[in-house]
Amino acid sequence: MAESDWDTVTVLRKKGPTAAQAKSKQAILAAQRRGEDVETSKKWAAGQNKQHSITKNTAKLDRETEELHHDRVTLEVGKVIQQGRQSKGLTQKDLATKINEKPQVIADYESGRAIPNNQVLGKIERAIGLKLRGKDIGKPIEKGPRAK
């Protein structure tokens with residue numbers, strides 16, 4: 001190596017571990033044995049990413065001492081959805097496809113298990129043509145002139 005200068009030096013290196021190998025339990029334990037800093041963190045609720053998250057304040061719900069539950073869709077609204085859907089000749093799956101939701105969402109709303117979401121209720125209202133919110137539940141939606 002007496003004749004080596006920066007231009008002619010050959011460096012032989014082992015390739016580093018791939019991302020999957022670096023995350024393995026074996027690699028983590030080996031790094032800990034060598035005394036290296038190892039940072040591990042879990043993704044929170046990664047497999048349960050939902051389109052419509054519940055926006056109710058859960059901390060407020062925890063502090064409350066009386067009724068410990070979120071308001072659910074009333075059975076009256078569920079029946080109106082069901083009747084409106086059937087009058088249009090739609091199945092739960094057809095209605096869900098029409099409003100870009102999962103069939104389970106429609107089933108939950110019809111059975112009264114769902115926590116009301118104004119976006120979803122608005123889409124269902126437009127699809128079946130019946131009001132689901134306010135005091136005139138079950139009445140047809142009047143299509144008036146739109147303001148520009």
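One-based numbering along the chain as shown.
Yeah, the Cβs are placed from backbone N, Cα and C, and that goes for glycine too.
A quick note: this is a predicted structure, and the numbers were derived from the prediction, not measured.
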Correct range for DNA-binding region (source Swiss-Prot, candidates 72-91, 92-111): 92-111
The domain 'HTH cro/C1-type' (81-135) - residue tally per DSSP class, helix then strand then coil: 34 helix, 1 strand, 20 coil
